[in-house]
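Quick look at what TrEMBL lists:
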REGION    27-55  region 'Disordered'
COMPBIAS  34-46  compositional bias 'Low complexity'
REGION    178-245  region 'Disordered'
COMPBIAS  227-245  compositional bias 'Basic and acidic residues'
COMPBIAS  348-364  compositional bias 'Basic and acidic residues'
REGION    348-444  region 'Disordered'
COMPBIAS  414-433  compositional bias 'Acidic residues'
DOMAIN    604-671  domain 'CHY-type'
REGION    685-718  region 'Disordered'
COMPBIAS  709-718  compositional bias 'Polar residues'
Amino acid sequence: MENRSFDDAGPTPQIQAIVTGAERLKIGENQSKQSSAASPAQPQRPVSKLEQSDPREFQINQLRRRYRPQEVNDAQGTTLTFGLVPSDPDFPFELERLHCVLHVPSSYPKGRPTLAVTNSEMEAAYQANVVRGFNEIVDFTYRTNGRGTLLGWLNSLDRKLESLLTTLERGPTLKFFANLGDGSTTKEPTKAPEKPLSQPSLSQGHSKAASVATKPAPQAPSVAAKHTAEAKAAAEKRRATETKQLEARLGRLPMYQKLSDGKTYVVPIQPTKKDRLPRTLQVLKTVKLIVPPLYPLEHSSIKLQGVEGPEVKTTEVGFTQWVQQTSQLSLVSQINYLASNIHKFAETPLPKEQEPAEDVHSTFEEDEDENLEEPTKAPAPSSTQDIEDKPHLVVIPRPPEWSVPNPNSGTEGTSDESSYEDEYSDEEEDEEGGAPVPASVDNNAPGRGVALSFPYLELYGIELLELASLNITIKCDRCKVSLDVKNVPQITDEKGQVPKMESCRKCANNMSVAFRKQLMHSHANRAGYLELGGCTIGDMLLSDFIPTCSECSTAHPAPGISAVRGESAMGICRQCHRKMVTARGALPRKRKPQEVLGIVAGQELPRRGRCQHYAKSQRWFRFSCCSKVFPCDKCHDAETDHPNEHANRMICGYCSREQIYRPENCGICKAVLIGKAGSGFWEGGKGTRNRALMSRKDPRKFKRIGGNAPTSSSSKRK
C-alpha cells in the first residue's frame, strides 16, 4: 500500500530538478556536436615557452638564423637589413636578391612592422608595389586575428614576389595646377605664338627664319593620349605574359640578353631568306626589341644591331608600320614574322622623308637669300682667289681626256689634286703592264669578320697570290664539336652571294661560313676575311692557291697549286716556264697541343687498359689515321668521324709505356696483354694440350693419338 501510494503521489521536486538538468546537458551536447560538424577544428601549432614569454625576440631570432641580417637597435625598435633570395627556380626576372630593410618596433606584436626595398636597379614604382604587398599580408593577418610571424610574412612575400613585380598597382595620382588667376589670363599664353607671325614691323629675313623654324618641328598636341585604369591594367597583364613567354622561348639562346631598363631585349634572329636580303643585312645576328611599359597600348619597335646602311632605317620603319596594323600578335609572333619577312621590310618606301627634304631645300634657299642680303656673311674665298693673291703660281688646266667619271659618285668633273695624282699613277701602271687585278677583289674594303693572314709569307717568282678554294675546320659555339667545311663560298659586295649553311651534328645549331678574299703579294699577307655565324674557326685544311708569274704576269690555270700548313708549294708557269714557289714559312704549322693522357710510366692504366668492348685487352692503341690514343677500334669509331687505320703503336696496361705494336706481350715488362693463356682449348697449339685439362667442348680431347686406323673384329678373325 505504501508503494502504491508513492506512485500515485507523483515525482518529488528533487527528481524533477535532476531530470531537467539531464535534458539541458543533452541539448548542450547536441549543440556542440552540430557546431563541431559545421566547422571542424584545425590543429594548433605547439607554442614554445620562449615564444609565449617574448614573441618579439623569438621571431627576430628566426630571421637571424634564416637571413643573417645586419642589425641596428635603438629606442624605437630593431632594424634588420638583409637580402631575400627568390625561392622560385623559374623566377623570370634578373634579380639575385631583394634588398630589404625591416623595422620591428619595440611594441611588436602590438605595433606593426614596416618594410623598405632598396634595390637600385628596380624602379621606385615596383619598390612601392612590393612594400604594398607586404603591408597587405600583414593587414590580412591582423584582420583575421591569425598567428602571423615575421618569417611567415616574408615567406608569403617570397611566394607573391613574381606577381608583385609583374602587375604594377599604381596608387592614386594627384595633379597640381598653378593658380594663374581668371580665365582671361590663362588664354593669353595660347595666343602669344600667333603674334610674331602677324607683326609687319619685323624684317623679311627674320620672318622667313621664324617660318622655317616652325616647319620641321611641329608642336606636340597639348592634350596627351589618356588611357583608363582598366586598359592600363589589362595592358600590364598582357605585357607581363608576353615578356615571360619571350624569355621562356629565347632565354637559353647564347646571344639573348635582357637589359636593366626592363623594356629592352636583345634577341638573336636568323632570317629564313638570306638570299633575298640586301648585302648589308646578310650579316645581321641580333635585334634590339623595345617593349614600352604600356605595351600594347604603345607599340613595340626594333633596332638592328651590327649593321649599317640605308636599309636599316627602312627595315625599322617597315616593322613599326606593320606592328601598328597588327597589334594583336604577341612578341614571339612578331619576332618570328620579322625573321621570315625582313626582306620585305627592307624594301619599305619612306614617303615621309621627302617632306623634310623639301623643307631643308627651302631653308637652304632662304639661307642663301639671307646671305645675299647681309654683306657681313660673305662666302669663303675660293681656291682660285687664293692663287690670284700669289702671282708666282701658274695654274695648268686639266686635260679633258683625263676627266674620268667616278663610279662611286654620279657626277663627272674635277677632283682635288690628290685624286688627280692617284688617277695619273694608275694610268701609268696600266700602260707599263702588270698582272690584271680582278674587279671583284677590293683590298681597300673595310675589314669585318675574322682575318685570314699569313705572317711568314715568302713568295719566289710570284707576283700575286690568290686563295681560290678554302677548306677549313670550324667549331660549334654551343657544343664545341668540330666540322670540316669544303669549298667555303666567296662572297663580294657586288654579287651578294649567300653564305654556306651547316648544321651541327650534335646539337643541330645553325652555322654560316663565308669568305671575302683579298690578293696577297710581297707587301700584303692577308688572304681575306671569314664571316662566321654560330661557330669559330678551328684550323685551315689543304686549300688551293692561284699564283701569278712575276715574269710574264700569267695566272696559273685552275685549280692552281695546293698548299697545306707548314709545307712548301711549287708551281710552273705555263707561259714562260718559270718556277713559282711559296716558302715553307708561308703556311706555318699549327702547334699541336701537348697530349694529356693522365698516365704515369711504371703504373697501371685506368682499369688496366680494358674497355667496355674487349674485357681481356689490357692495352691502349695509337691509331695512325689521327695519331690519337683509344682502347680499341670501336672506341675510336665512336669518338671520331673517319674510318680507323692500323694502329702501329700501343701503350702497355701494366707499365703505361708506349712502344711499337706487339701482338701478345709487352716488350718492356713482358706482361701478357691478350688475356689468360691456356683457357681449356687447343687454340692452334698455343692453348691447352693436356687432354685431362682440355674442355669437353674441344673435339681434340677425344681424338686418337697418331697410329694406324682402328681395325674391326672381323678383320682380326681373318
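Cβ coordinates are placed from backbone N, Cα and C, and glycine is handled just like the others.
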Secondary structure content of the compositional bias 'Basic and acidic residues' (227-245), with strand meaning DSSP E or B: 17 helix, 0 strand, 2 coil
Mean predicted confidence [pLDDT] for the domain 'CHY-type' (604-671): 90
The domain 'CHY-type' (604-671) - residue tally per DSSP class, helix then strand then coil: 11 helix, 17 strand, 40 coil
